[in-house]
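So the structure is just underneath, and the comments pick up after that.
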Amino acid sequence: MFKPIRKTHPLISIANNALVDLPAPSNISAWWNFGSLLGLCLMLQILTGLFLAMHYAADIETAFNSVNHICRDVNNGWFLRICHANGASFFFACLFIHVGRGVYYESYLYHMTWNTGVIILFLTMATGFLGYVLPWGQMSFWGATVITNLLSAVPYLGMDLVQWIWGGFAVDNATLTRFFTFHFIFPFIILALMMIHLLFLHQTGSNNPLGLNSNVDKIPFHPYFIYKDIFGFIVFLWILVTFIWKFNYLLMDPENFIPANPLVTPVHIQPEWYFLFAYAILRSIPNKLGGVIALVLSIAILLILPFTHSSKFRGLQFYPLNQILFWNMVIVASLLTWIGARPVEDPYILTGQILTVLYFSYFIINPLLAKFWDKLLN
């Protein structure tokens, strides 16, 4: 019998098995749209970044002016720059929702998929930080100085590590050049990891809102979820483009429109909004090394979730007390984001410390509460 080329061609058949004939649970909701949205975001960032790199100069004398030149003189350069900057914000928003959905529906039980996902999250955060340095404004320079300086807290190797990253004794031309190099290459590494992430996901199949085995109720990915994803793309792009045209500089720091000056420190040094929760956790620990460990743990703690899982049912939809705890955690993360943008003074210091304790306590209380609920059901 004649088979279509998408099933017989050695290369096209791989894409076919991943996007067309893939068996998917029939009941996955809109929360499952964010995976494909992240793929769209990554493509958008790579494309806009590629065109920006054609006009950008990775030199401390010309970097700031080259960004200015892109926005003023290059055809639609302003659109590319703002699309890239706001695209990063939307990328992280989708990323946090995607991780949140994984925590809520306990998708972390697919160990390999979850672990690669956390590595992607780390790499994306590194890429975002490197990109923040490139315009070489005040916040770029001082943000790079403060964050890279944290590595000096590493025992014995600290200062050597910092100078190795800087390429000298201060943040200078060598630092900017290597930051641009890594900012350019990381998205392609993320793309490769994303394919591995999908490979592991397709080994097990997707989770679903009921947390049950859906092998008896699978439908082909195309046309059902292809159209669902396309609808998600349209809504996402509509919101992004509206944001670009109406609130283009809303998420950027005014300090970064001033050329970098090593002799003048900004009143309040802070990263982009999507790092503020981790930055607040870092600042809440009075000890430098302790702060760095807490900063890394704020993301790395996601890796322990598969090992602390104790519930009989899969997903928090069956655990009302855990749902309250989860949404409390979302509020805590939002408040940490707010605290990260506040100056280091009372009452913000104490508030940040309380919120940090609440943030980490979620990972301890959640499995205990699930166990308690299971006991009540017995």
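Glycine is no exception: its Cβ is also placed from the backbone N, Cα and C atoms.
Swiss-Prot has this to say about the protein:
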- His84, His183: heme b b562 binding site (BINDING)
- His98, His197: heme b b566 binding site (BINDING)
- His202: ubiquinone binding site (BINDING)
- 34-54: transmembrane segment (TRANSMEM)
- 78-99: transmembrane segment (TRANSMEM)
- 114-134: transmembrane segment (TRANSMEM)
- 179-199: transmembrane segment (TRANSMEM)
- 227-247: transmembrane segment (TRANSMEM)
- 289-309: transmembrane segment (TRANSMEM)
- 321-341: transmembrane segment (TRANSMEM)
- 348-368: transmembrane segment (TRANSMEM)
Margin query: Restricting to the chain of His197 (heme b b566 binding site) and a gap of 6 or more, list residues whose Cβ falls under 8 Å of its Cβ, or answer none.
Written below: Thr113, Thr116, Gly117, Ile120
Checklist line | Inter-residue C-alpha distance, His98 (heme b b566 binding site) and the residue listed as 'ubiquinone binding site' (nearest angstrom) | finding: 17
Next item on the list: For the binding-site residues His84, His98, His183, His202, work out the Cβ neighbour count at 10 Å and name the residue with the minimum.
Entry: His202
Next item on the list: Quickly jot the same-chain residues contacting the transmembrane segment (179-199) by Cβ under 8 Å, restricted to those at least six beyond its ends, or write none.
Entry: 18, 38-39, 42, 45-46, 49, 53, 56, 58, 113, 116-117, 119-120, 123-124, 126-127, 130-131, 133-134, 144
Item checked: Rounded inter-Cα distance in Å - the residue listed as 'ubiquinone binding site', His183 (heme b b562 binding site) -> 29
Check: Which three-state DSSP class does His183 (heme b b562 binding site) fall into?
Finding: helix
